[in-house]
Structure formats: C-alpha cells, structure tokens
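Chemist: One structure, as structure tokens, below. Some questions next.
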Ligand SMILES: *[C@@H]1O[C@H](CO)[C@@H](O)[C@H](O)[C@H]1NC(C)=O
Ligand SMILES: *[C@@H]1O[C@H](CO)[C@@H](O)[C@H](O)[C@H]1NC(C)=O
Ligand SMILES: *[C@@H]1O[C@H](CO)[C@@H](O)[C@H](O)[C@H]1NC(C)=O
Ligand SMILES: *[C@@H]1O[C@H](CO)[C@@H](O)[C@H](O)[C@H]1NC(C)=O
C-alpha cells in the first residue's frame, strides 16, 4: 500500500491514549494496518482511518512501544501509577509507585486482600470477599453485618401487642345462622374458645389476611395453625406471602431458585403449629397471608416472628457504602436506558457496569447514548434496603472533562412503578447538585431516607456528556 500525506499524531494526555492519524489511499481498514491489537476506524473526521492504540502502544499504526514506567500501566486492579522521579539520571531508570484501590495490596496491587481471612461471619454466615470489604450471607433468623443478631421476637398475635385494628382480611365467615363471626382479629396463635380463628367467606375466591405492623419491621418467620369448627378440622394446607412497605404495592415472596411465587407448606390438622422461615427475611410494614389450598375452609391462627429494624436518628449509623465500589453489587445488578460508545466503537462503550465510584480506565463510568432527561441508570439491590445517601463522580472521555451537575433519584420496590424523590419544601421533584469536575466525590443525603430494592439516578443537567460513577449509602435494615 502506498501512503501519502503527512502523519499527524495527537497525544491525548492523562489517560495515555494515543491516536495515530494517518492518511492512506486504498483499502483503509480492510487490510489490517493497525498493529498490536489496535482498532482501525474509518469515517472519523477528514482522515480515511485512524488507529486507536491499546495501552502501551503508540505511533500512527500503533507499532511503537510507549516508554516511561507508567506506560503501559504496570498496576493491576484499577491501581493508579505515579512516577516519583520523572527524570532519568545516568543509568537509573524512572521509578514509580502503584496506588492501590482499597482491598488490594502488593507492589503492583496484584494481591486481592482476603477480607474473609479472619472469618468475620458468625452463626453459620457465609463470607464473601469484596474489594476492600466483605459481606456475610446470614441464615435466617440471624441478621446484621456479621450475622451476630438473632431476629426471633414473637411480634404479638398471640401476646396481644398486635391490636385488633391492625388485622384485616378480604372477607369473614359468619357461622351458625350468622351468629358466629370468624373475624381476622381472632387469628391469634393458640386462641381458645368456640370461635377462635379467622375463616374467609365461602364465596371468597381470593382470600387474604393482613397484618399492619404500623412501622417497617423485619420478618424472619411465620407460625400457622388451623382450628376446628363444629367438630371438624379446618386449616390452610398451602399459602403464599405478600409484603408491602406502603399498603399500596405488594410483592409476593418468591423462591430463590425458580423465580416463582413461593408456596409455603401449611397445616395438617386443627391444632398443631407449623413454622416457616423467611430466607431471606422480609422487610415490610404490611404482610399478607394468601391461602392457596385449604382443608374445608381457609381457617387460620398465626404468629409472626421477627425484630425491630435498627432505629437510627436521621442517617447516622446507616451510611455504609452499599457495594458499587466493593462489587457487592454485581455487574448484572446494574442496568441503564442506554450506553454511549465513543466514536461508535464497542471497546469504548460506557456501560452501566462501569458506574462504580473511583473506577479507573479509559472508559470508566456509565454514560447514556444521548444527552437527554429520559436516560437513567438502575441499581437492583436484590432486597429491600434503607437508603440514606449517594456519592457521585464524573469522568473524562479521552481528555474531555464531563460530569452530571444535577440529577434526580427515583426508587421502586418492584422495578416497575417508580417514585421520584420530592423536595420536602416545594413538593416538586428533588434536584440534587452533582459534580463540578472530572474526579471529585459529591455526596448528597436523602432526607428523609427511604426503603427500596431498586434505585434509579436520572441525569438532569450536565457538562459535555453525562458520565456517572457512584456509590449508594445506606444499610441492610
Ligand atoms: C512503525 O511504522 C512506521 C510507518 O509504517 C515505520 O516508519 C516505523 O519504522 C515503524 N516503527 C517500528 C518500530 O516498527
Ligand atoms: C383437634 O386437635 C386435637 C389436639 O391434637 C385433637 O385431640 C382433636 O381430635 C382434633 N379435633 C378435630 C376435629 O380434628
Ligand atoms: C432520550 O433517551 C431515551 C432513553 O434512552 C431514548 O429512547 C430517546 O431516543 C432519547 N431521545 C433523544 C432525542 O435522543
Ligand atoms: C481531573 O481530575 C484530576 C484529579 O482530581 C485532576 O488532577 C485533573 O486536573 C482533572 N483534569 C481536568 C482536565 O480537569
């Protein structure tokens, strides 16, 4: 191939990218003119093609090896390289240090510190090593960062702490010519007497009984019991459980493996009790028991097992990073309306999986395909958590500083219906002040905090494009 014209090389600073701009006549990218795994692109500006060099290579066709101790970056795991003696003296080569991300150590940040090494999880909890942190998966009824807390209080159906007004049902059975009322307020474990349980009306095709706990609680189990009426045993053989934070939208408890509503095995006679564990626990204010199979009639006495959520004054004590940076939130828990690709090149796509605080690299943030107010990034926390704040950070796209300067936050319990956080003074959507540069952390608190499984961030105003790196703050409770 004959090449004509002059070669222009443009160095794009801090991220070490080198674009080789080269004029050719002929096949352009059909023949592989770019070396060392570089990407050949046509149709960018005036030039027939450009080579986008991988880290460590330079030159028009990426055939040159970059020089300098930090090029290519010798540091692993998003560690950043710093030259500490920028000049070469005699035969002494430049020195560098790797600044490691939390959770990594070693000269090249090559060692992922095992945060599980001294077995922080107690009571049978399983430890998962994260970047700079660990997470315990606790077997119910144990909860807490280290599974140290037992969540087994009887919540008061039997004891009476749950009052009659807190118990409601889809329908009530009236027996003996309408004189016996098998009302929901009777559905208390070990209730005695002739009429001693809740029974749904015979015609009720979709029966349920609901307990309003009057505040958000954590539930780790349920104890159920049938009753006998006119000498015959009546009980619920199988049931589902639904829960709600607000008494409006309900989520049916699902089994882990097949993503289907979990069917709990209930009773087998009029008197014995059956205990079911919620694994994982439910965080809710309202809980509904939905009979699926009943013997003679849907008759129930019951107790709820659980505990109070930790009570925090405002956000104090509930502002742990929820795992964007530590990767407790895994890649498949992150999604977005779209993702931007610099120059349309796949390798330079700003995936939602990159929206992790302090992420390093050439493309190191999420950025949507278009700059508009319909774009969003979503985090599925996989269970209901309490959220109290957010840290956001901008980025640079090949040297150009970009950031989201104003954003909104929305949340959801089912991933379908969303609530945008409101300003408590005006009642309008709350506008959070975001970033002002490519790198600094901006922290905003949610006042008040909220409970949710899904969180969305919606860029509202921005500088250049809308890249986001972020961390969510809150706690498991
Ligand atoms: C790199 O490619 C250019 C142009 O094709 C050539 O002039 C130069 O000698 C090459 N350098 C090396 C180190 O191969
Ligand atoms: C109800 O349970 C008690 C205790 O287990 C048992 O003695 C009684 O026979 C049962 N009654 C009916 C109607 O099944
Ligand atoms: C704005 O973003 C939405 C969501 O990705 C997209 O469907 C829409 O086409 C965008 N509008 C413009 C004008 O780019
Ligand atoms: C981007 O952020 C870094 C780190 O804070 C800073 O050193 C640099 O000057 C910033 N770059 C630009 C172009 O503002």
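Positions of Cβ are set from backbone N, Cα and C atoms, glycine also.
Unlike curated entries, TrEMBL annotations are predicted automatically.
I grabbed these lines from TrEMBL:
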SIGNAL    1-26  signal peptide
DOMAIN    25-63  domain 'EGF-like'
DISULFID  34-51  disulfide bond
DISULFID  53-62  disulfide bond
DOMAIN    66-110  domain 'EGF-like'
DISULFID  100-109  disulfide bond
DOMAIN    112-148  domain 'EGF-like'
DISULFID  138-147  disulfide bond
DOMAIN    151-307  domain 'F5/8 type C'
DOMAIN    318-475  domain 'F5/8 type C'
Chemist: Measuring CB to CB from residue 109 (disulfide bond), give everything in the same chain under 8 Å that is also at least six residues away in sequence.
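Modeler: Result: 75, 76, 77, 78, 79, 98, 100, 101.
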Chemist: Please give the sequence-distant neighbours of the domain 'EGF-like' (112-148): residues at least 6 beyond its ends with Cβ less than 8 Å from one of its Cβ atoms.
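Modeler: Residues 77, 101-105, 218, 220-221, 277-281, 305, 307, 321, 323, 325-328, 476.
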Chemist: What whole-number Å value do you get for the CA-CA distance of residue 34 (disulfide bond) and residue 62 (disulfide bond)?
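Modeler: For residue 34 (disulfide bond) versus residue 62 (disulfide bond), the Cα atoms are 6 Å apart.
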Chemist: Quick one: Cα separation, residue 147 (disulfide bond) versus residue 62 (disulfide bond), in Å?
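Modeler: Roughly 53 Å, rounded to the nearest whole number.
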Chemist: A 10 Å Cβ contact count, applied to the disulfide-bonded residues 53, 100, 138: which residue has the minimum?
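Modeler: Counting other Cβ atoms within 10 Å of each of the disulfide-bonded residues 53, 100, 138 gives the minimum at 100.
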Chemist: Can you tell me how the residues of the domain 'EGF-like' (112-148) break down into helix, strand and coil by DSSP?
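Modeler: Split by secondary structure, the domain 'EGF-like' (112-148) comes out as 0 helix, 13 strand, 24 coil.
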Chemist: Among the disulfide-bonded residues listed here, 34, 147, which has the most company in the form of other Cβ atoms within 10 Å of its Cβ?
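Modeler: Output for this query is 34.
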Chemist: Among all protein chains shown, how many Cβ atoms are found within 10 Å of the Cβ of residue 51 (disulfide bond), not counting that one?
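Modeler: Result for residue 51 (disulfide bond): 26 other Cβ atoms within 10 Å.
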